[in-house]
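Asks: Once you've had a glance at the structure underneath, I'll fire off some questions.
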Amino acid sequence: MEPLASGLAARGDLRSALPFLPVVLRGGALFWPPAAQESLRALALGPDVSRVASGDVLADALTDLRLALSLPALSPRATDGLALFFDDLLSRAQAQGWFAEVIPNLARLLLRLPALLEDHYAKAGDGASGLRILASQDAGIVLLSQELVAALLTCALFCLFPTDGRAEASLPTINFDSLFVALVHNARQSQEQKVRCLVHYFERVTDSTPTGFVSFERKVLPRRAVSDGVTYPDMDAWMKSSAPLCQFRVFSSGFIEDEEEEALEVDFANRFLGGGALSRGCVQEEIRFMINPELIAGMLFMASMEDNEAIEIVGTERFSQYMGYGSSFRFVDDYLDSKPIDSMGRRRTRIVAIDALDCPTRLHYESSGLLREVNKAFCGFFDQSKLQLYAKLFQDSNNKDISPSVSSNGYVGVSTGNWGCGAFGGNPEIKSMIQWIAASQALRPFVNYYTFEDASLERLGEVIRWILRHGWTVGELWHMLVEYSSQRLGGETKKGFFAWLLPNGSPNNEVRYMSE
């Protein structure tokens, strides 16, 4: 076996990630720069040595660490935000616990970061690469231990990641300085509550080191023909699909993150993974990143998504209970995650990030918009082992004998809701159908759809029952969605899709469809 020292220097995955990590590679091994290591050792010895016993002094210590890594000092507003949170917003007892125990433990974790990374790269394989930058169109999987994730998130908390080159590589912000900046002069308590979720995470992982694993996968639908799978489907391919529509269950209450069945839980994502999680955002994606903070690690190395890409993350642990949404979001209490563990040591929590069109207006109904959205969802929902079967379904309109409940990946369904229908301005009726089409084509056995009591989806269950009663395939439902959209664009109807589709909404609709 190749010695680790010489092997590290030759690894392409490490070479891609190293410019974005705070450690250095010398003599075939990873190290903290000497000045940074000295600062971390002082922090690890506690406030009697480091003198870090307040938010103000913590900010100074983090600036010293950044200077030791040749990074600029923290901005004054970030310094103010750190001081505000740890000196004013935290209780005195909790703040004392942070400075006496949590900060020293986090510093000790960071001192182990080079060894954790070396161990990670030594063990990388079996279908997953070592930590690397997963650029656009670069399909692949990175498997990280929860302990390494905790160390990487501590780097983010301490604002130690280099920022040069991240924008050029289409990588999102990863340091937490913007999170603390947003605390200053911010009337919304949700920002404080987001930080409280993260503070709780660090308290948990320093009290008991997690031992599982988390995988991060960039999924790509190739735009060019490939020999062993399906490429980015066009309008005609969707028309020809013979896949049967899967089971679709509607829930007016409940939340995706509380899904009891094993399912792909949809993250209503920004094209930059995490969206505004580390700034002022506090809607569906950002909340999920606060209660499952290990998701944030993907922001270190996952470049922004293009139209034919999605990101699937398996194994993150949930640490927090919460209430509210947006400005009413609140951290409530600890959460003990009881999800079972798979053969790779990951919790069976599967989160798939898919970004919807932003403010599409007429693009809702144009072929290019429909095609973009259904392919985005299909990319998120597909199972790599079924790609050849998907190609057959797209090409053979007579092949209707495939049961999604039998052919799917271990009965893993889809748990979703009003994807792209909030700030992004999507149409809930169309988006629900698009996700059903995409999940069915991906041979998922079910869709559990949470409407969050959206009034526009009151008839969703009725529509589902009507379509299933007629035994439509994916291609047939897609045909009707395209026809409806064409009529909307042409001014032939102003009805919503549900009213247009149902016989009591359009008396001739059933006759028109059956005669085609």
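Glycine too: its Cβ is placed from the backbone N, Cα and C atoms.
The structure displayed is predicted, hence computed values, not measured ones.
Just lifted these from TrEMBL, have a look:
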type     : residues         : note
DOMAIN   : 91-218           : domain 'PARG helical'
DOMAIN   : 236-458          : domain 'PARG catalytic Macro'
ACT_SITE : D267             : active site
BINDING  : N270, Q284, Y325 : substrate binding site
ACT_SITE : E285             : active site
ACT_SITE : E286             : active site
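Set these features in their place in the structure for me.
Replies: Looking just at the domain 'PARG helical' (91-218), the mean pLDDT is 95.
Long-range neighbours of D267 (active site) (same chain, six or more residues apart, CB within less than 8 Å of its CB): Q284, E285, R288, L295, I351, V352, A353, I354.
Under 8 Å, Cβ to Cβ, and six or more positions away along its own chain, Y325 (substrate binding site) finds C282, V283, I287.
For E285 (active site), the number of other Cβ atoms no farther than 10 Å from its own Cβ, over all displayed protein chains, is 23.
In this view, E286 (active site) is surrounded by 21 other Cβ atoms within 10 Å of its Cβ, with every protein chain counted.
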Asks: To the nearest whole angstrom, state the Cα distance for the pair E286 (active site) and N270 (substrate binding site).
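Replies: Computed Cα spacing between E286 (active site) and N270 (substrate binding site) is 10 Å.
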Asks: The record names N270, Q284, Y325 as the residues that bind substrate; what is their largest Cα to Cα distance in Å?
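Replies: Greatest Cα separation within the listed binding residues comes to 17 Å.
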Asks: What is the Cβ neighbour count of N270 (substrate binding site) at a 10 Å cut-off, with all protein chains included?
Replies: 23
